[in-house]
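Here is the structure we will look at.
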Amino acid sequence: MNEVNDFDAIRISLASPDQIRSWSYGEVTKPETINYRTLKPERDGLFCERIFGPIKDFECACGKYKRIRYKGIICDKCGVEIARAKVRRERMGHIELACPVGHIWFTRGIPSRVGLLLNLSTRSLERIIYYSHFIITGVNDEAREKAIKDLEVISSQRVADKGSEVDTRVAQMEAEDATVEAINQVRRDFSTEREQMEEDIQLLIDQLKDLQIGNLLTENQYYELKQRFSNVFEASMGAEALLKLLSYIDMDKERSKLIQETRSTSGQRRKKAGKQLQLVEAFRRSSNKPEWMIMTVLPVLPPDLRPMVQLDGGRFATSDLNDLYRRVINRNNRLQHLMEIGAPEIIIRNEKRMLQEAVDSLIDNGRRGKSVAVNGDHKAKSLSDLLRGKQGRFRQNLLGKRVDYSGRSVIVVGPSLKLSQCGLPRRMALELFKPFVMHRLVRDGLAPNIKSARRLVERARPEVYDILEEVVKERPVMLNRAPTLHRLSIQAFEPVLIDGSALRLHPLVCSAFNADFDGDQMAVHVPLSKAAVKEARETMLSIHNMMLPSSGEPVVSPSLDMVFGCYYLTTTRPGAKGEGKIFSDFEEAKHYYEMGIIDLRAIIKVRDGKGNMLETTTGRIIFNDVLPKEVEFQNMDIPKSAIKKIIGRCYKILSSQDMAVMLDKIKQLGFKYATSSGISIAMSDISVPREKAKLVAAADERTAISEGQFARGLITEDERYNSIIETWMETTDRITDAIQAGFDKQGSVYMMANSGAKGNISQIRQMAGLRGLMTNPSGRIIDFPIKSSLREGLTTLEYFISTHGARKGLADTALRTSGSGYLTRRLIDVTQDVIILQEDCGTSNGTWIVEPKEKGMLPPLVDRVLGRWAAHNVVHPQTGEIIVGNNEEIDEAKAKAIGEAGITEVFVRSPLTCEATHGMCRRCYGRDLGRVRLVDMNTAVGIIAAQSIGEPGTQLTLRTFHTGGVVGVDITTGLPRVEELFEARPPKVQSIISEIDGEAEVIENENGRHIRIFSDEVYQDEYELPSGWKTQVQSGQWVDSGMVLASPEMEGKSKAVVQSDQNVVARVAGEVSVDGSLITIKYSESEEREYAIPAAMQIKVKTGDSVRAGQQLTDGSINPQDILSILGRDAVQKYLVEEVQKVYYSQGVHINDKHIEVIARQMLIKVRIDSSGDTDLVPGELVDKFRYEDINAKVLAEGGEPATAHTVLMGITRASLSTESWLAAASFQETTRVLTDAAIYGKVDKLSGLKENVIIGKLIPAQCKSCKEATVERAERIAAAAAAPAVSTLPENCL
């Protein structure tokens, strides 16, 4: 049995008129849709049953044939074929156009493909298509030559005739004794007239010579020339003229001409010729013909894809396409009629233009001129509108589909659940698992057939719930919380049936879903096939997803009450009951606590299992009981950070199941002891420190001094502002110290903040001390502090100031969410085809990871190299011992050893330098951080990278910092900075960088500030003389280029010389030194660059400083394009990785470098061809780097000249649109432009990425091992079941 999806690639191309007719089941000739009385489709109309198929299954229009037994028969009465009604979704019709019509995608696109091919501007093309100008379509050279000769003959004849007439007149005047002056006047008049006649004739000859195919003529010019030279040229208007011209083009000749032009011209002309050459090559390589861009036949969409629905009250709702088709048919029919009756040319021309406009509106409404509206002011949705945008076919129906077997409900906490479980309401489960329950009822004999089983389920009999309990044990369910920002937003759980209507969620998975219980909703999905169930169990179960794929940190760490409970359990209370008692072992201590003899937090002495005496508490003993034996006794307070570390450690030594058990035990301990702690918070717990009044008064005094100095003009506005800010920041810190010093260490507020359960010292300072300095909406600190605390209450002005900045925070959050979502979408698109497809690409290249100079700006070296593969040996600097061998993984122990050895740079394999031609290899990627092992084959690492960068996007700030006081420079940070880098845009404040190595000189004068960089490098050029040669120069002598340095002493000596057959001549000018037979010329090459520095910029170098190429000369951010052009590919990749990392790390978000590297790789994967050599590549063409290298390797192997190219840095949007897959690009943005290009090039989508496979409904290529096995199983089962009849109504392959 062949599946519909059994193919490997999809090709898109232009459709020829014959192809359109072959798709069609008949011509639509009438604009009618359905008859409003009979409600049946009109014959030959837009819904005709004869063309598109019957409305009712196996029933013709007239009712003569009914039932399936007549399948395939065509009714002799009404002409309808007996078939299923669903053929009306597949069968197309066509309209034979009365005149050719331009396809708006090809005529109006940017650039216009038709215009580029015919060398016409968009404006000229529009004038032709819309019948305002004529274009010459043919010139008869013989007729032209004859016409020119005829004109010359006429000219000379006229001159001769006029001359003889003048001679006669002069003779007559002489006979009449006319004056000499009068006779001369007649001759002068003749001379002027002759010149005028020759000019007029020459003008006509020039006009004739200028007649070239493709020239435009206005209406007046056309009729004037046509009247005189009707046999010399042909010209016409509209799309038929373009059709004729396009059909004349000889692609091979055109190619040769354009290749010559690209080599012989430069600048704008060369660029245009390059574009034209690419287009010509596209037509040559594909089987498309350029005339197919002009339509003579219009396909009609199947009627069920543009339906008409009857509403209440007898009115009809119809798709806009029907109105647009109706306009086309009406105008086409009218044009045919006018042509048949021989209407005047002007009327026919007008009708042709209207037909062109109607077809334009049908294909892409609103692209040209005013858009066609239906029902008042509603813009009609054309065919293009159905494809593009969020509501278009690609994004709405192909990439995002509604899913069967799913439900949705509010979530509540399930503290008693295991980590792998979720609570599923019984009613919901019964609906979701209905087919399975019905199947089991029939199988167990509780119902005779499916129908009665359905009745039993609907009545919810007790035996139904018993079977439901069994059924839910067989398969997990998947829970999803929107927004689905990363893979942990969808996880699988074993369902536990519960009463009520809300889903119950395990408290430890909340952080993965970013869920809380304030009304959040979640969706439930049931995996149906065996493969889906297996994958859900083996990879999606929550116990297999405990680590963040972005950083490798634990994601199932306890929080809030659980953290507080564990902290409370492990803290000590001085003077507690039983303090100082000594016990023989842990069990005895616990026994005494249970009997109430000692307090939970009393400090006691106990012998551990090894016989050592420990000073600890019963609480710590209880906490350590839940930890594995491999973890040493944790004898300390356990705040949130400590719990995270313990979990991270345990993950490496325990299996997923054991880890889940341990986490559940920690959860239970936390909840139990948080409850027994009796934690509460009251106003009295927050006490204002005594020192506050004194500190605030001192700060007011200092502020008053600064204000006074400013008023007297002793300090500037900037200095005043900075002084006030500094004063209050210092005061705030002192008050914070006072609050901390006065804290009750056993108090609930301190314990909450210190444990990491909730709140921090900054919030306590605002409640007890003072709120301090606030920012205004632009992010600038307001130099008026809030001196009150929340405990004391704020004044009206203070309240206003605090809300002023806070409102910006709320607006930021709303904007951040959409901005971050769009960034994630672009990142996903650019990396969706990056999949692990190779074990090892075998490269020896890599990237240097260096210990950051500034701590806190970037992660430390040890964290960055963990999980990477070394690209060469990492050697201990002192002992010379190899810590990590070449091509070995750097695990925790080796990373620690690198840190201890004081190594500051390590050369590692990287996605940036991976040489896998498709996807990526396992060694270059390294460890899968979410699974803590080497990445598996077929893992979609591109998607993981995009999610890891996009998911924390909402946490980034959205502001532009305003540095300094009044006059400062805006520095872009946070999300806008990340976007700026990934889109490879010039930064908002662009730093000036040096293009050369050299010495700096800072110049300040009345013309402003400049930095001059000059380099004076000294080089040597050496000449080795053969024996018997004589030098012609002396040491210390200055020589010019081309001067003779040495010559043979006598004839017949060796002539193996450098540049001349006879003498050795200097290649460069410089100072000579002679040493025996070696002549050396010392010469220097000086280079200089000067940069103008804007007034607001701060200079980073001083006169005399040594400067490297690519070094920043001023503050601001560097343009990545400059780094690429000056320092090359590796430098720009490193810059992008470090700059993005700085933004995230400064906000406390940890992302592994490799995710950013995957994106950077995609941004630099294309090269632009400079010269084509002996390849088929076209100058200016963008080509994949690996394809370019392959083509060059083949050409070199055949002894040809390779192409040359330079690396291009593309922003993620451009990189997404220039992907090899046209399906992925079309579903991203600019759908019509992508499809236009893909059709012309006849592009083949090899379906290597994820998006294209989702679009066509195939399994994505990123399959886990279990899925692959299941795919094979499924194919075998389909083959076996092909002959067997269907048994029940169960979903496919779910048994």
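Backbone N, Cα and C atoms are what each Cβ position is placed from, and that goes for glycine too.
Residues or ranges marked as Zn(2+) 1 binding site in Swiss-Prot (evidence: sequence analysis): CYS60, CYS62, CYS75, CYS78. Non-local contacts of CYS78 (Zn(2+) 1 binding site) by the CB criterion (under 8 A, 6+ apart in sequence, same chain) comprise GLU49, ARG50, CYS60, ALA61, CYS62, LYS64.
Sequence annotations record features per position, and here Swiss-Prot assigns Mg(2+) binding site to ASP516, ASP518, ASP520 based on sequence analysis. Cβ-based neighbour count (10 Å, all protein chains) for ASP520 (Mg(2+) binding site) stands at 17.
According to Swiss-Prot, the Zn(2+) 2 binding site annotation covers CYS841, CYS914, CYS921, CYS924, on the basis of sequence analysis. Around the Cβ of CYS914 (Zn(2+) 2 binding site), the same chain contributes CYS841, THR843, MET920, CYS921, CYS924, TYR925, ARG1161, each under 8 angstroms and 6 or more positions distant in sequence.
The separation of CYS75 (Zn(2+) 1 binding site) from ASP520 (Mg(2+) binding site), Cα to Cα, is 59 Å. With all protein chains in the displayed structure included, the most crowded Cβ environment within 10 Å among the binding-site residues ASP516, ASP518 is that of ASP516. Taking the Cβ of CYS62 (Zn(2+) 1 binding site) as centre and 10 Å as the limit, one finds 14 other Cβ atoms among all the protein chains shown. Residue environment of CYS841 (Zn(2+) 2 binding site) contains 19 other Cβ atoms, counted within 10 Å of its Cβ in all protein chains. Each residue contributes its Cα atom, and for CYS75 (Zn(2+) 1 binding site) and ASP518 (Mg(2+) binding site) these two points are 64 Å apart.
Apart from CYS841, CYS914, CYS921, CYS924, the Zn(2+) 2 site neighbourhood in this chain, defined by C-beta within 8 angstroms of the site C-beta centre, holds GLN838, ASP840, THR843, ARG909, PRO911, THR913, GLU915, ALA916, MET920, ARG922, ARG923, TYR925. CYS60 (Zn(2+) 1 binding site) has a Cβ environment of 24 other Cβ atoms inside 10 Å. Around the Cβ of CYS75 (Zn(2+) 1 binding site), 20 further Cβ atoms fall within 10 Å across all displayed protein chains. Considering only the binding-site residues CYS921, CYS924, the Cβ with the fewest other Cβ atoms within 10 Å is that of CYS921.
What surrounds the Mg(2+) site, by Cβ distance within 8 Å of the Cβ centroid and not counting ASP516, ASP518, ASP520, is the set ILE411, ALA515, PHE517, GLY519 from the same chain.
One way to see the shell of the Zn(2+) 1 site is to take the Cβ centroid of CYS60, CYS62, CYS75, CYS78; the remaining same-chain residues with a Cβ within 8 Å of it are GLU49, ALA61, GLY63, LYS64, TYR65, ASP76, LYS77, GLY79, VAL80.
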